[in-house]
Amino acid sequence: TDLPRSPPAAAEPRHASPAAPRRLREKLRTAARMAAPPAHTAPGSRQQVQGGERRAQPATGAPPAARETRAPFRFDYERFRRSLRHPVRGRQLGEDPETRARRMKVKEMMKFAWDNYKQYALGKNELRPLTKNGHIGNMFGGLRGATVVDALDTLYIMELEEEFQEAKKWVEKSFDLNVNGEASLFEVNIRYIGGLLATYYLTGEEVFKSKALELGEKLLPAFNTPTGIPRGVINLGRQDTRSLFSPCSGMSWSWGWASAGSSILAEFGTLHLEFLHLSELSGNPVFAEKASTSLLVLNRVEKPQGLYPNFLSPVTGNWVQHHVSIGGLGDSFYEYLIKSWLMSDKKDSEAKKMYDDALEAIEKHLVKKSAGGLTYIAEWRGGILEHKMGHLACFSGGMIALGAEHAGEERKQHYVELAAEITNTCHESYVRSDTKLGPEAFRFDAGTEAMATRLSERYYILRPEVVESYMYMWRLTHEPKYRQWGWEVVKALEKYCRVEAGFSGIRDVYTTTPVHDNMQQSFFLAETLKYLYLLFCEDDVLSLDDWVFNTEAHPLPVNHTNFKA
């Protein structure tokens with residue numbers, strides 16, 4: 001069975017915080033009344049989106065000459081490309097032969113993963129490489145081709161031109177959005193919308209923009225809750241127009257395993273980057289307004305010890321449990337705070353303050369050092385620490401390094417050191433396994449350090465978070481060890497995960513004769529291989545001056561200016 005990226009947590013005692021203020025609800029009602037129609041509203045219809053505003057057309061009885069005529073909104077792609085400070089694929093000048101050879105090896109792995117997906121599973125969501133067939137799963141609400149959309153920008157950046165054209169052709173001819181099924185709002189956003197947006201910005205091909213906007217509109221009903229905090233599951237085929245504040249719209253709901261009908265911090269907190277770009281490309285402010293509401297609620301709600309618990313009621317705006325994790329259920333919320341600030345060209349000071357305050361609370365309450373000297377981020381359950389770190393939490397080294405670049409001078413060195421220590425701990429979780437690949441979670445108790453102690457935590461499903469941190473640490477410090485650590489991962493993937501028809505996860509990283517799980521995850525092509533490739537590229541390839549990566553490693557541009565044509 002498929003679960004969302006964050007596995008369910010055990011039920012805990014419930015605590016509550018003050019509900020969202022009445023002023024917020026009034027603001028939401030106003031936003032609902034003022035929300036613009038879909039971006040593809042035809043010219044001449046009653047109302048159109050122009051430059052992000054809703055403009056009513058004159059009454060039909062008015063003479064034609066009296067009608068206000070304005071061009072529909074158009075995003076100026078050429079002006080956007082001219083604003084980039086570096087070529088998208090860099091200049092690749094003066095690199096050493098070893099680095100180039102390692103980059104070419106990662107490119108070969110990507111081609112191998114794609115070719116086998118194309119041969120055995122094209123149009124399905126993922127490849128099953130052992131049985132040489134496709135897998136659909138139940139996370140995407142009837143959408144198909146998750147691997148295609150996730151792979152598009154990686155194929156483009158790696159200059160796999162023929163393969164990119166194959167993927168583009170599938171999107172043009174076969175990517176059907178008229179589906180009817182239960183989808184994860186979070187997964188559809190980060191994989192499909194993120195992948196389509198990134199590929200549009202990289203190529204200027206209109207098909208990717210139009211598909212992203214059409215799919216984005218299908219996600220909007222998930223926000224029809226009293227607080228504006230979206231529910232986690234949406235039926236993509238049932239587009240209801242009932243009140244924003246109807247208690248149950250019949251087309252979105254919370255995960256069955258989520259405590260008391262709550263929404264998940266890492267899910268509703270990981271929409272901001274993509275939804276801002278949906279508004280940027282459409283001229284329709286409704287996407288940005290919906291995503292910003294979540295941050296507004298979170299900014300105002302009382303935080304225990306300054307920490308953000310993982311479960312929040314979309315009805316009351318209260319916390320449902322006091323479980324805090326920088327891994328699954330919480331992770332990408334923190335990532336999107338610092339990245340929202342960076343994507344705004346460092347103008348979104350509220351997101352930056354939320355990030356700074358959250359990191360301060362995390363460091364005060366959750367960052368610990370083991371007896372063996374390893375720095376890790378524990379989980380917090382109602383004030384009691386659980387001394388474990390999930391593979392998903394290993395993105396945090398890269399995040400803290402990224403934020404350190406923009407901290408005050410007195411804090412910058414401190415955060416660079418903290419990022420390096422956490423990244424080193426995640427590296428240790430790899431080198432202490434027999435396969436040199438890391439487990440799903442590792443613990444620091446009973447004399448064990450940076451190793452899985454439970455059978456249920458010993459698997460590796462081609463996850464990217466550790467190499468993601470290597471990539472950021474390399475770009476921000478240029479210490480050679482990060483490239484060496486990345487190369488060790490490449491060799492381990494080749495030795496233990498490469499099979500006849502693709503790459504597969506393994507069930508136990510502590511045996512050199514592992515059992516494969518028969519799944520080539522779409523994020524392996526979107527994230528793991530992309531971050532490894534970038535690790536062996538010059539810094540101007542998808543430069544951090546121009547691009548921010550969403551949590552699926554899809555590059556979205558920093559907003560250097562306004563590109564309304």
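Note: Cβ is positioned from N, Cα and C throughout, glycine not excepted.
Unlike curated records, TrEMBL annotations are generated automatically.
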From Cys394, Cys497, the residue that TrEMBL pairs with Cys426 through a disulfide is Cys394
Rounded to a whole number of Å, the separation of the Cα atoms of Glu465 (active site) and Glu187 (active site, proton donor) comes to 16
Site of maximum Cβ density within 10 Å, from disulfide-bonded residues Cys394, Cys426: Cys394
If you skip the near sequence neighbours and keep only those at least six away, which residues in the chain come within under 8 angstroms of Thr551 (Ca(2+) binding site), Cβ to Cβ? Ile190, Gly194, Thr270, Asp331, Ser332, Glu335, Tyr336, Phe395
Can you tell me the CA-to-CA distance separating Cys394 (disulfide bond) and Glu440 (active site, proton donor), as a whole number of Å? 10
Rank the active-site residues Glu187, Asp331 by how many other Cβ atoms lie within 10 Å of each Cβ and give me the one with the fewest. Glu187
Cα-Cα separation of Glu187 (active site, proton donor) and Glu440 (active site, proton donor), in Å? 19
Restricting to the same chain and to sequence separations of six or more, state which residues have a Cβ under 8 Å from that of Glu440 (active site, proton donor). Gly390, His391, Ala452, Glu457, Arg458, Tyr459, Tyr460, Ile461, Arg463
